[in-house]
């Protein structure tokens, strides 16, 4: 999202981002930010510099190359051989990075445009030499088209350009050249017919026309029969994949869709390499595009696609030259992928002789040490070190390493171990490099002593790692140093290690093999004492954690002022009177229209008692997700719900467990029936499932409340901004159906540490005069959030003159307090529609503004009430509902779990949306647009809208029948007409307002209906259940 910046801010931002890029040029997020800032400045030279810098370090997509190429074309002398060659070289570089149909199209268009220019000019400048000759054009265009030939649905966009150029050239030819070109064009057409693609019929028609015009008539039929047979296999190949292509398109070309498509293509023993190679290229291009946009899982998917692509080329015996080129492209695309670098080094070892391979591998390894993202990621660093060490080891075994071979090997691994520990304080929990070096040293008698030093050092660094201690004792046992091993076991048995049970088992096994009876029994006694100590310590830690959690909950509750604490069973009217929820006694109904008996009014104790019980029941039944949920992270792959149930079953009753597979981890939420279960659940932190330590924390502690971001910020913007601090679990957006100005969201990470790190964005400048607000989303402090009490701070003004202005309202209402916003609803002529909303800075001022009720403004008396957004619709002017239906559409086939806020963002890219309401039970939504024309835009779209992998179905709202937001349901049984005591509505405004009540005939009919219903029910009045049924059934 580009935002205009003033010159001073622009220069400061550019200076800052360039300084960061100098330190870390292999951070693609910094390059994306650099380009965004450069574009925001409006400085063309800075934009070009940012684009150039990106292409120098990274493979770039069409979003970078297309503007860069266009700038080069605009700034060049197109009659200069040097400038033309520079542009053509730029196209080659762009096409080498990723498969981009738009880039290839632009290349072809440029070639044709230049060729036609020189043709019309009567010749080419001599300095161009072979450039833009017919032969050069044919060869160059063929290369360009061949790059996209495997794209089943879009290759025709390229091939059609070459076909048209070749046919025009044929048409203008004569003599021998014409005969040569006939054969050339025929070969091009026949080759295309043998390729799977989406518009075979059009290609066959082109061949038929060509045959008619340039082949003898007597050969026409035989040639077409032969061509038809030749295309049959290609047509079937496309038809087999047509459903997959459609599914991929319907998913919005999702990375998951590509992965599924690729998996299905790789199932045969002999896959179709023409299609599969192009499919990998398409998937890689899409993953890069999403990575550049800041999508969280795109980097991991991109690495996976490159690794799968290169493994395919290796297993299918593709030429080494092609594999080498693909490796170089892949390393420009994902330079921090350790697995890809490791494969590249193994490829060099296999493809080159040992001396040349040593030189190249050393160069690659040294460059890898300069890539900061790789050096800071243990999981990427370890494979690179192992690949380099593996090459050195094989040189030693082949006798090609020289005298210092083993010394070099040990130095490589030791340096790798040091870098791993520098990259992360936790190091490598699996100790892969230590194990590798230990195995090498144990094979060589002179180096066996180094093994003991290695593991002794490892136990000092990984003090709590059972794996380090058991590996140390294993080496001691292999060297028959039993007493030393026994001393280590005795010492570590009482240490606080991550898996003491594994250490105890190893000790017991050792004594059974190498110890005496006394030593075995002594070990078992010590193990039992250690087990008791560990269990006691765990109990104390659990108690301490439970106490801390309870204390935290108590503190957060105490931080809410008493005046702000919600009272579930009571509401306050505008006059300050308390009203309780309507109470219906199941045993005795009061007759319709009758008064309550005197004895009922004289039992205050019983009444208050019953109310108290009811308040407690309501509070108990209310679902409190935020306070009753814990977040579980670092789960092992494939974990099952019953495993989590078994872990948390002793904490309290579990309401729901949801397991989510993220790109890089598995996480879960565990919701309990009561919040009292949460402290016990928090004690499960650092417990193990399948031998893997898990993390448990309060869900809200890893959740941020974010507001005051730019108005046009969307989900991608937020994920890009916050994604650099850690893995994002979810971003939740508010619905705008009740208040269109709401601008906040919740960003939930998989760990509290990520949320705390992201707090540095609090106060960050987003736009001029706007600072981002980022807070931990404490559920007990909702009232502190700027949007939480918006309804209480807003008044609704009706009865306005059409000549009233926003300034008139500001002048009137600022006398009651600070006005934050005035929203006046206008008609197409710019006049007031008669109502407006005034939002104050605080609630007390809004209540004070109720005094303006019945005030005269522009010769009209206005009505002022607190804005209750949820019932505002029933007070609309006549014809309003019909107007809303005319500019509304129904959206069907929503994906499960659709957020109203995200759906509105998606639709706002195509039309101006005013309100969205989702009905999850039927997977549909009502969408109200700004006007009927905007509704028409959605209804008449030629292309489908794909949202979260689902193709949306958009239909017009019903223009007749009851105006209901939900799908029309059948009338509820026995649903009569509910008649309140005062059936005639009160005037909304003051003098001169027209009173809209029930007409006499309607009133009598309603009374009759009510009487008959009462008689049918034994004289009982309608209760809450009946009223609810009536609402569900429609009026």
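Note that Cβ sites are derived from N, Cα and C of the backbone, with glycine treated the same way.
Per TrEMBL, these features apply:
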COILED    510-544  coiled coil
COMPBIAS  596-618  compositional bias 'Basic and acidic residues'
COMPBIAS  1003-1016  compositional bias 'Low complexity'
DOMAIN    628-701  domain 'RRM'
DOMAIN    702-779  domain 'RRM'
DOMAIN    793-869  domain 'RRM'
REGION    590-618  region 'Disordered'
REGION    989-1035  region 'Disordered'
By a Cβ-Cβ criterion of under 8 Å, what residues six or more beyond either terminus of the coiled coil (510-544) are in contact with it? 473, 477, 482, 485-486, 489-490, 493-494, 496, 500, 504, 680, 683
Over the coiled coil (510-544), what is the model's average pLDDT? 90
Going by DSSP, how much of the domain 'RRM' (793-869) is helix, how much is strand and how much is coil, in residues? 19 helix, 30 strand, 28 coil
Looking only at the domain 'RRM' (702-779), what are its DSSP counts of helix, strand and coil residues? 21 helix, 25 strand, 32 coil
Helix, strand and coil counts within the domain 'RRM' (628-701) (DSSP): 20 helix, 30 strand, 24 coil
